[in-house]
Amino acid sequence: MQDPKVVIALDFDVKKEALDFVDRVDPSQCRLKVGKEMFTYFGPEFVRTLVTKKFDVFLDLKFHDIPNTVAKACIAAADLGVWMVNVHASGGEKMMIQARDGLAQFGQNKPHLIAVTVLTSMDQHQLSQIGINSSPMEHVLKLASLTQQAGLDGVVCSAQEAKVLKQTLGKDFMLVTPGIRPQGSDVGDQKRVMTPQDAMRVGVDYMVIGRPITQAQDPVAALNAINASIG
Ligand SMILES: O=c1ccn([C@@H]2O[C@H](COP(=O)(O)O)[C@@H](O)[C@H]2O)c(=O)[nH]1
């Protein structure tokens with residue numbers, strides 16, 4: 001596979017289990033995501049290990065802070081050699097611009113910089129609880145437009161918003177979508193979900209998939225089945 005579409009959310013709490021899994025997959029089959037849990041347990045060394053094994057690593061720490069702090073955190077991520085790093089779009093345009101500018105020094109080796117719009121675990125009701133009275137679609141579009149205006153490479157959104165975002169922001173603006181659930185798998189805490197096949201149909205660039213693979217009886221078989229279904 002030339003450009004694997006599946007980004008596996010490792011989310012293991014035991015390092016050996018994570019590395020055993022990583023040793024059973026190949027960079028041609030998938031990319032890997034390290035999030036807050038694994039980074040907090042195992043730190044930058046774990047990220048370096050995956051990079052050394054030639055995996056494209058998405059460091060999903062969703063930075064959200066003042067512009068100077070976020071820009072420096074993005075630079076620290078780029079120093080690890082990751083393929084992709086992210087911030088929260090709700091941190092604002094200034095923050096995103098400073099993060100983008102901070103990464104410019106990495107030239108060709110610059111990681112993709114994307115911004116989280118509305119978490120895929122949130123629905124309309126949860127948005128209204130935090131004072132946002134637009135629909136998830138409207139709010140995602142608003143934050144994605146701001147992200148594009150700030151010169152970032154793309155956004156994290158749900159696949160449910162992909163068609164409208166591609167139509168509005170163009171095909172080159174990258175869409176990275178968690179909340180992917182193969183038919184019949186447990187939705188868990190995700191609210192805005194879609195199957196891998198439908199997500200590909202609506203134009204997502206990369207699908208983040210965690211538990212449906214990592215908690216499967218045979219995780220490698222689960223990954224292979226997903227790849228075959230979108231092949
Ligand atoms: O909006 C978001 C942003 C990030 N995530 C992360 O993606 C994975 C999804 O894992 P599943 O087990 O497939 O639900 C997880 O690491 C989240 O932190 C997200 O789900 N939604």
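Each position is counted from 1, following the chain as shown.
The backbone N, Cα and C atoms fix where each Cβ goes, and this holds for glycine too.
Because TrEMBL annotations are produced automatically, they should be read as predictions rather than curated entries.
Features of the protein shown, as given by TrEMBL:
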DOMAIN    5-226  domain 'Orotidine 5'-phosphate decarboxylase'
BINDING   ASP11, LYS33, 60-69, THR120, ARG181, GLN190, 210-211  substrate binding site
ACT_SITE  ASP60  active site, for OMPdecase activity
ACT_SITE  LYS62  active site, for OMPdecase activity
ACT_SITE  LYS62  active site, proton donor
ACT_SITE  ASP65  active site, for OMPdecase activity
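Location within the structure of each feature annotated in TrEMBL.
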| residue | record | Cβ contacts under 8 Å, 6 or more apart |
| --- | --- | --- |
| ASP11 | substrate binding site | GLY35, GLU37, MET38, GLY210, ARG211, THR214 |
| ASP60 | active site, for OMPdecase activity | ALA9, LYS33, VAL34, GLY35, LYS36, ASN86, VAL208 |
| LEU61 | substrate binding site | GLY35, LYS36, PHE39, ALA73, ALA77, VAL85, ASN86 |
| LYS62 | active site, for OMPdecase activity | LYS36, ASN86, VAL87, HIS88, VAL116 |
| HIS64 | substrate binding site | VAL70, VAL87, HIS88, SER90, GLY91 |
| ASP65 | active site, for OMPdecase activity | ALA73, GLY91, MET95 |
| PRO67 | substrate binding site | GLY91, LYS94, MET95, ILE97, GLN98, ALA99 |
| THR120 | substrate binding site | CYS157, SER158, THR177, PRO178, GLY179, GLN190, LYS191, ARG192, VAL193 |
Which of these recorded positions (ASP11, LEU61, LYS62, HIS64, GLY210) have a C-beta closer than 6 Å to some atom of ligand 1?
ASP11, GLY210
Count of other CB atoms lying within 10 Å of the CB belonging to GLY210 (substrate binding site):
19
On average, what pLDDT score does this prediction assign to the domain 'Orotidine 5'-phosphate decarboxylase' (5-226)?
98
